[in-house]
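K.L.:
Mind looking over this structure? Questions follow.
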């Protein structure tokens, strides 16, 4: 009897549990938990353990996707040229993508201070998805204008992704973690570059590369949403309105207004009529003057701080500058910024013209051209990790770190570019592999280490905008470098080709389909002229990189101890950062003054006087 009484409730409990397992609401709750986005850790502390690893992997996966797009175009440029019958499609693709990258970093990176890094990173990945989809769809269109437009959209996305990944890792990693995890970012760059190059060489049609990018960007959206926490809580409606008023609209407008016409002039001046050239020149010059005049104004975080005098008021700004000119007062930061312009020009010229050397001059297949670059990508990934260890080792022993490692990198890179110029006349690629390793030692020493060197020199509140400015300047240098390289190649080819082949020089960079229309003797002359043109490009950037090496003498590590001590004394709250460095100061100042005024202890005129001196 008793056993029956005991077994009955047990069986009923088993039935109830099985029913609850089949309860749809319970399964829905599990799905919701799986689909929930990543959240910032409790207490606004740094990420640790599995959360840190997942966020770093997700960010660097996204970074790799961006480099699939950046490196893929260099391999498929000949196929695109054949598709559009040499209508300058490839040349415009490169230019539009770099201009888009420069503009995208200016806008999305800047807005991430207000709307969080994660939201802007998701926006950039969405742009990449639709841009890649449009590039793939343009393969069925007879004219290249559609491809050029969507390449610009892809450029905006990839430039913003590269920028936001650097800034996001800086938000939730300590300085020591950044040194330890630097190799992950170098590896993501190498893997993305290899995958993009191999896909462009092996896929049966170039449109499939962009279909692949659509799939990868979708995976990146999911990974970012799930594993990358926001760097700060979403501001309230009042805070958003306040910060929207503080956006540097004039800075964005004038900055884009001189960058775009200026880059078009550098890269496409041969294609425009005299009237268009004059219009672009006037626009670029006037906007550049306005941009610098606006940037030189003193920063005024609140209207109460602005002077009453109408004559002095134009010298003050109430917006957050898109590129704070005060950063250039630091000698080390200014030197690294200038280096980024120079080595950005050298890097993108190397990436875009190495496949031209392999496929056009040495008559190798696209796949063989990619194989030549694999040693570079591998060396870059390995040495990015090792150079961070070297810097950490030297810092622990109170020795110079960044200037030594970056100087070593620029020395290797300078020697490599000189040797590449000497090797252009050789019809085989046996030496190219060794020289590519030297280039990898150079970029592995410089790319991420320049990011860390900047973060060691600036205040925490300026970290994001300082890195954003660095990334913009690197892409700006890339746009200038590819334009210079194209101009050098055309000039050299015109000098070494007979008059009846002068038309070849005007389209040699963008169009390789004309080789089918040349005789055997003419083809030999054109390939030799191409080799001389690329040789002069390499020699030109040998001098540019030598200038970067000399600038390493201006890089100092003395400011490190001060910044490190400040980090140790300040709690780790980088995951949730203020919208503006002025917000907390202004709020506390206004609150104290209002309290004093309401109690009758402080007249309003005195309150304004305190505010004017920065109370």
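Placement of Cβ uses the backbone N, Cα and C atoms for every residue, glycine included.
Annotations for this protein, taken from TrEMBL, read as follows:
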REGION    1-23  region 'Disordered'
COMPBIAS  1-16  compositional bias 'Low complexity'
TRANSMEM  52-76  transmembrane segment
DOMAIN    52-560  domain 'Major facilitator superfamily (MFS) profile'
TRANSMEM  120-141  transmembrane segment
TRANSMEM  147-167  transmembrane segment
TRANSMEM  179-202  transmembrane segment
TRANSMEM  208-228  transmembrane segment
TRANSMEM  249-266  transmembrane segment
TRANSMEM  272-296  transmembrane segment
TRANSMEM  334-353  transmembrane segment
TRANSMEM  373-391  transmembrane segment
TRANSMEM  403-420  transmembrane segment
TRANSMEM  432-454  transmembrane segment
TRANSMEM  536-555  transmembrane segment
K.L.:
For the transmembrane segment (147-167) and the transmembrane segment (52-76), does the number of C-beta pairs under 8 Å, pairs 6 or more apart in sequence, reach 3 or more?
P.N.:
yes
K.L.:
For the transmembrane segment (179-202) against the transmembrane segment (120-141), do we get 3 or more Cβ-Cβ pairs below 8 Å once near-sequence pairs (under 6 apart) are dropped?
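P.N.:
By the criterion, they do not touch.
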K.L.:
Taking the transmembrane segment (536-555) as the reference, which of 52-76, 272-296, 334-353 gives the largest number of Cβ pairs under 8 angstroms?
P.N.:
334-353
K.L.:
Do any residues of this chain, six or more beyond the ends of the transmembrane segment (272-296), have a C-beta under 8 angstroms from a C-beta of it, and if so which?
P.N.:
248, 250-251, 254-255, 257-258, 261-262, 264-265, 317, 321, 323-325
K.L.:
Find the average pLDDT over the domain 'Major facilitator superfamily (MFS) profile' (52-560) in the predicted model and report it.
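P.N.:
83, rounded to a whole number.
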K.L.:
Go through the chain and flag residues at least 6 beyond the ends of the transmembrane segment (403-420) whose CB is under 8 A from any CB in it; none is fine as an answer.
P.N.:
339, 343, 346, 350, 387, 390-391, 394, 431-432, 435-436, 438-439, 441-446, 449-450, 453, 538-539, 541-542, 545-546, 548-549, 552-553, 555-557
